[in-house]
Every structure is written in C-alpha cells, then in structure tokens.
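Student: A single structure is presented below for examination.
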Amino acid sequence: TRMLPRPFWMMCTQIIMVVTFLLFATGLHSLIYVSTTLLGICYGVQFAVMIPTVSELFGLKDFGLMYNFMLMVNPIGAFFFSALLAGYVYDKEAERQNPGVLDPSNCFGPDCFRLTFYVCAMVCCCGTLICLVFIARIKPVYQMLYASGSFRHPRQQQLY
C-alpha cells in the first residue's frame, strides 16, 4: 500500500517533460538552460526506470527482445521527430519567413520549432496516459511481491 510503482516515476517525468517542451516553445532565452537540464534529467530517469519496469510488466521470458526493442525505439523516434517532423516544420517556416526565395534555408526566431515542441508535448501527454494504464496493470504485481513484506524486512508477525 505504501509502494510507488516505477511507472508512477515515469509518469512524473512525462509531466515534467510536457512542461519543459512548452517552455521550449515559448522561446524565452532565460529558460533554455533550465529546460535543457530538466529534459536531460527526465530522459535519464526514464531510461533508468524503463528497464526494470519492462521486466515487471512483461516478465523475463522475452526480456532480451524487449530490451532490444527499447534500444531501437530511441533512434527511430529521433529519426521521426528530428529528421522528418522538425525538418519539415523548419522548412515550412523558412518558406513563410522568406517568400519569393527559391531555396529558403534560414529560419529565425522561436517560430521555427514551436510546432515541433507542441507535438512533443502532446506525445508526452499520451505517454502520461499510458503510464496510468501501466500503473493499474503493475499494481497486482507489487501486491504479490510485497504481500509478506519487503525482501529485506519481512512483515512482523503479530502474536496473539
């Protein structure tokens, strides 16, 4: 009853990441360092918590496959969000800022990536909802693991 499941911490980092991406979207120079630091910490916590969470949610039978899938998701997500989404949004904003130029390659200001940060914030909102599902799914596992107390400190037997 007192244990916080690991997906809860993932959910907390997702919420912080939503705020961080919205701070990036504002384009305020004074918030860049704080936002970058928060985002890096959240990614670190996510990766550290993700590995044991996957073993708790899906078991150890196919853990090697799940681990490799976790490792593949990062570069695939980076490709979709960085190369495809951010590149497309940047090019469209550069065209909007430089009308009539045949090859507009420069974009200035926070508008260049604002939509990209909004999309990333929405994806993190979806991740928060998925974490809620994981919390509900993993609760019976924690109750089963810790029903007789923790592994180090067994529950005290009441003497009658």
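Cβ coordinates come from backbone N, Cα and C, glycine included.
The following feature annotations were taken from TrEMBL:
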type	residues	note
DOMAIN	5-142	domain 'NFD4 C-terminal'
TRANSMEM	7-25	transmembrane segment
TRANSMEM	31-53	transmembrane segment
TRANSMEM	65-90	transmembrane segment
TRANSMEM	115-136	transmembrane segment
Student: Please report, as numbers and ranges, the same-chain residues at least 6 past the borders of the transmembrane segment (31-53) whose CB is under 8 Å from any CB of it.
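Tutor: Distant Cβ neighbours of the transmembrane segment (31-53) are 6-7, 9-10, 13-14, 16-17, 19-21, 23-24, 67, 70, 134, 138.
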Student: Please average pLDDT over the domain 'NFD4 C-terminal' (5-142) for the predicted structure.
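Tutor: Summing pLDDT over the domain 'NFD4 C-terminal' (5-142) and dividing by its length gives 87.
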